[in-house]
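J.: Per Swiss-Prot, the feature Fe cation binding site maps to 96, 138, 142; the stated evidence is sequence analysis. Per Swiss-Prot, active site is recorded for 139.
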C-alpha cells in the first residue's frame, strides 16, 4: 500500500468529471486500498478518486464507530454510483481533505438511496441518512467536478475566498 498525494483547491484537476470504472482488476483493488490508507492518514471520513488524481467514478467512506475508530471492515467502496432516490433536507457543517482547514454549513438531502458497484463489480443498493448521506453526496459531487464550497451562498463564498488568501499568504511566509 502507498500514501497518495491529495490534490488541493484551487487545482483544476478537482473540476474533472470522472469516467466510469470498467476494469475491476488487481490495479483497481490496489487503488482502493491506497485511497483508504491515504484517507485514514489524513484523518478524513471520505475520499473520491479524483482527489488523488484518479479521474474514476469511485469513492470510499469510512465513518468512525462510537469509539471513534475507523475500522477497515466498515469502509464503503462505492464505484459508479447513481442516485435512485433523495429526500428531506438538512444543514451539515462540512470540511474536505482538498480544502484543508475550512468548514462551513452546506444544505444536503437528509436521505439518499444509491446503486453502485463494489470492488468485485457486484451491483449493490444502499440507503443512507444523516452523516452517511451527507458524505455520499459530498463525494459524488467530487466525481462530477463539484466542491462543497461551490454550494455556499455568495456571502459564505466570499468569506472562504478571503480565508483561503490569508492561509496562502501564511504558507508563503513559512
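Backbone N, Cα and C define each Cβ position, glycine as well.
Since this is a predicted model, take the numbers as computed values, not measurements.
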J.: Does residue 138 (Fe cation binding site) have same-chain partners at least 6 apart in sequence with Cβ under 8 Å from its own Cβ, and which are they?
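T.: The answer is 46, 94, 96, 106, 108, 148.
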J.: Around residue 142 (Fe cation binding site), how many other CB atoms lie within 10 A of its CB?
T.: 23
J.: Using an 8 Å cut-off from the Cβ centroid of 96, 138, 142, can you name the remaining same-chain residues around the Fe cation site, in sequence order?
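T.: Nearby residues not in the site list: 46, 48, 51, 94, 97, 98, 139, 141, 147, 148.
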J.: Might you list, by sequence position, any residue in that chain lying six or more from residue 139 (active site) with a Cβ less than 8 Å away from its Cβ?
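T.: Result: 46, 47, 48, 59, 60, 61, 78.
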J.: Could you say whether, by DSSP, residue 138 (Fe cation binding site) belongs to a helix, a strand or a coil region?
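T.: SS state of residue 138 (Fe cation binding site) = helix.
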